[in-house]
């Protein structure tokens, strides 16, 4: 069965709600993308906070609107802080999202991610190789690059979503968003986005923040994907390469549906 | 009593001195803003250095022109290195500046900042909620966002400055700079600056560097605020959103009073 | 004897090979420049990966095409992970490159870098003060700034290259690349590059990645220097300061010899 294409009108409606809520988004993410992640959330109207000390992170996860855990530059110390934060998030009913960066290539983080799956993530966002590895279909992947297409990972993503009771997002040329029953797809974007570090990681932060919204979570998460795809498309048209893409992308997020803001 | 508006002619004069001195500025700051902080200092003609290992940081704090301590992503290890660096800075008479990021919301960093206050900071820079929390008027704040206006924090800032014997900067729509006796205010900037991560943290680094200048420290610190407000105003006019703001802001800092450079 | 000027035609040829290989480049670098380093590698067509946990870094160094070790924000924990990664790289014949940031000013990192020299780096990239300090001619340097000219460090660089059996790159207004027998020089660039954080660190990452190429390593490393000098020159012409330099620089790397890509 062909997944339905997510509606841009719905994405615009959800963005309006997102800007009103301005979710306080606790990001425990990797060293490389912290600034771009924060700027992405700020451009969309959310309020990012990067808090990492175990005691502080536990406390903050409970008062934040949403929590992101990204294992890109995992260490033992950071893993302990993330585990504590996720446990406090779960107790406080703060929705938390997992980005299992490069989980197919590295055993330490794979074990950590599998352990976290028992703590009920609201969403998981990865590329095809990462989702396949998390679902036990180890395809490897080449560092953070995917060697599989999103379509090839779709049935594994659906099975994983049903098994854990979560939303799984497989991103690539087309993004698939599934809860195991319903699946929607989101198009747009541009291959240039793969030449800019952190576009996937920043999407995971926006997915995390979107889980703080009321209403249908599958639609909210698909809307998050849609905002990023739309901004990526606009920014590519306005840029001469991956350098000028970054400011154009953040501007596009900020100005998305500006008429609706007015 | 209405604070005096800081003079832009004085700010231009101070910038000229700053570029000649090119203060070697030791930044112990958070993970999110390191690159933007370094680029801000470089654009203004200072020389940033991020040194964090306890032994190295202690040694470096003694040879640097100025030291910044920013607790945005504090950990126990980083706190120990900061404490050692501040102690060596104090012995070597290197002026050091505190940025108490989100100190109202998180107890671990609040205790650490209060402990550091006994080590004679040259300056403290925070938003209204942070300064109120540091002065014992716990208002909370929402993560790194302020829920108070600078004017509401002014009397607490003045009391704190007198008590510690330091310069306190409360930033917001208008910045207030006070030593507890004199208070000046600095206008300019644009709300767009709050949609870019690290503008406040970078200002703290510039405040820290400005404390290496000779002359009246209150005027030097107010000048640092003025450079950032002026560049923010220019950059807002030249940009389409928070993405294009960043390069325009660094260019504006670099080109500020360029006629005087010639 | 005057070093030969490296040929831009050869640099263009090497870039063509580089884009085909797309070297998977394991970067263990400092906190400040991670994003810019990754974006530089991506713009040139390489695939960066920042992996830092000791067990993961050891495993990853063995499967990567190349490894970079940059000591800019060294800590004891990070040093242990780097040492383990370098040992695994050496066993797996993964070429690894050392960037001895500020090694003249700080003893802890100087000892660490000297220790690593016994593990056969493929290349070493530093400014004149750093190379002089590594060669035992301690000139100090002012933090990360050099207080010496590349030409003054040339004979020390050549002696170091012969002693270790490596390629040494001394960068500045002109870059010198030497294996101790042959020396080539690379011109271009612009002083504006010294007002942007991470241009030297990013060059070290590109040097590291270029060591994964087949053929003459001296020519490959000099080509890496040439790409960065050329892009720096183009970007300076297109920018108004250090802020707009960054996107223009990444675009220039991406579009370098675009006719050859077609």
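Indices start at 1 and increase along the chain as displayed.
Cβ atoms here come from the backbone N, Cα and C positions, even for glycine.
Sequence-distant neighbours of residue B:198 (substrate binding site): residues of the same chain at least 6 apart with a C-beta under 8 Å from its C-beta are B:32, B:33, B:36, B:37. Taken from TrEMBL, the feature substrate binding site covers B:50, B:198.
Within 10 Å of the C-beta of residue B:171 (ATP binding site) we count 27 further C-beta atoms, all protein chains included. Sequence annotations record features per position, and here TrEMBL assigns ATP binding site to B:125, B:171.
Less than 8 angstroms from a Cβ of chain C: among the binding-site residues B:50, B:125, B:171, that describes B:50. Checking the binding-site residues B:125, B:171, B:198 against chain A with a Cβ-Cβ cut-off of under 8 Å leaves B:198.
Neighbours of residue B:125 (ATP binding site), defined as other CB atoms within 10 A of its CB across all chains, total 31. With respect to their backbone Cα atoms, residue B:171 (ATP binding site) and residue B:50 (substrate binding site) stand 24 Å from each other. In the three-state DSSP assignment, the secondary structure recorded for residue B:171 (ATP binding site) is strand. The 10 Å shell around the Cβ of residue B:50 (substrate binding site) contains 27 further Cβ atoms across the protein chains shown.
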